[in-house]
Amino acid sequence: MMNGGNLVDNDSAVAGGVEDMYGEDIATMVQPVTPWTVSVASGYTLMRDPRHNKGLAFTERERDAHYLRGLLPPIVLSQELQEKRIMHMLRQYKVPLQRYMAMMDLQERNERLFYKLLIDNVEELLPVVYTPTVGEACQKYGSIFRRPQGLYISLKEKGKILEVLKNWPERSVQVIVITDGERILGLGDLGCQGMGIPVGKLSLYTALGGVRPSACLPITIDVGTNNEKLLNDEFYIGLRQRRATGQEYAELLHEFMSAVKQNYGEKVLIQFEDFANHNAFELLARYSSSHLVFNDDIQVLFSN
């Protein structure tokens with residue numbers, strides 16, 4: 001039931017008791033005919049959709065309904081047992097970065113299980129998916145890169161940022177965490193490889209705040225880097241140029257802010273994350289009166 005017309009849903013199966021606005025809960029309930037039949041491909045493609053994939057937790061009935069017979073081992077394992085198995089595996093790793101990579105792999109193939117694992121084991125896994133481990137992950141992001149997460153907007157996309165935003169498959173985005181990678185934690189300029197920060201931060205929005213994954217959008221603005229080590233790294237995934245500043249930088253950010261409002265509306269929350277102080281203060285001063293923005297590195301969250 002809804003309480004007072006807000007988004008709290010006492011019957012919701014998702015963490016945080018948030019109303020199932022996007023139909024993600026009912027998509028994995030056992031029903032005679034599930035929403036997948038009209039909205040999500042079955043069979044092999046379904047198993048590679050992290051939003052709806054349940055791994056070995058697909059029931060016998062679901063395996064028949066969605067053409068999964070033969071694509072999975074015959075055993076049906078509950079989500080709880082899968083969680084136990086993965087935690088056992090994670091605890092075998094002695095290197096934190098290995099645990100981080102394993103968690104990112106899980107997020108990319110079984111989103112529901114990833115968040116259940118994080119919610120049920122938050123004290124143990126929070127340092128894995130966010131600080132301090134995410135710092136090392138950002139430093140080595142090019143070397144461990146497997147599958148893109150979030151949106152990358154670089155100087156190459158200047159004049160086309162609205163088109164880039166429309167490439168993102170979700171339309172009901174409510175929270176954006178954006179970085180330009182210039183001041184990642186205490187590690188300095190990591191350029192495009194700072195993407196690990198918005199990805200990790202938004203995982204916490206979902207696990208701890210109950211914000212739906214589909215409502216979250218991590219973004220990295222790539223304006224180059226002044227990190228010589230990265231510029232000379234053959235595995236670096238960003239623009240190989242010195243960091244843009246001044247008018248060129250300001251124009252790109254302004255186009256981005258305008259495109260976000262046009263595409264997602266004025267109520268979308270934009271969190272600036274790990275910008276250098278001179279840009280962080282300037283962005284807040286410029287956009288706090290026209291957009292819903294904040295930066296937890298330099299301020300306490302305030303309401304417009």
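Glycine too: its Cβ is placed from the backbone N, Cα and C atoms.
No curator has checked TrEMBL annotations; they are predicted automatically.
Marked as domain 'Malic enzyme N-terminal' by TrEMBL: 107-288. Positions annotated as active site, proton donor by TrEMBL: Tyr130. Taken from TrEMBL, the feature (S)-malate binding site applies to Arg183. The active site, proton acceptor annotation in TrEMBL covers Lys201. TrEMBL lists Glu273, Asp274, Asp297 with the feature divalent metal cation binding site.
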* Structure fact -> Here the recorded positions are Tyr130, Arg183, Lys201, and the Cα closest to that of Asp274 (divalent metal cation binding site) is found at Arg183
* Structure fact -> By Cα geometry, the one of the recorded positions (Arg183, Lys201, Glu273, Asp297) nearest Tyr130 (active site, proton donor) is Lys201
* To do: Pop the mean pLDDT for the domain 'Malic enzyme N-terminal' (107-288) in here, whole number is fine.
  => 96
* Cβ packing number for Asp297 (divalent metal cation binding site), 10 Å threshold -> 14
* Among Arg183, Glu273, Asp297, these being the binding-site residues, pick the one whose CA is nearest to that of Lys201 (active site, proton acceptor). => Glu273
* To do: Compute the mean position of the Cβ atoms of Glu273, Asp274, Asp297, which form the recorded divalent metal cation site, and then list in sequence order the other residues of that chain whose Cβ is within 8 Å of it.
  => Thr179, Arg183, Ile184, Ile197, Phe272, Phe275, Ala280, Asn295, Asp296
* Structure fact -> Note: among binding-site residues Glu273, Asp274, least Cβ-dense neighbourhood at 10 Å is Asp274
* At the Cα level, what's the spacing in Å between Glu273 (divalent metal cation binding site) and Arg183 ((S)-malate binding site), rounded? -> 9
* Structure fact -> Cβ proximity for the residue listed as '(S)-malate binding site', under 8 A, sequence spacing 6+, ordered by residue number, returns Asp189, Asp274, Phe275, Ala276, Asn277
* Hey, what's the Cβ neighbour count for Tyr130 (active site, proton donor) at 10 Å? -> 20
* When you measure from the Cβ of the residue listed as 'active site, proton acceptor', how many other Cβ atoms are you left with inside 10 Å? -> 22
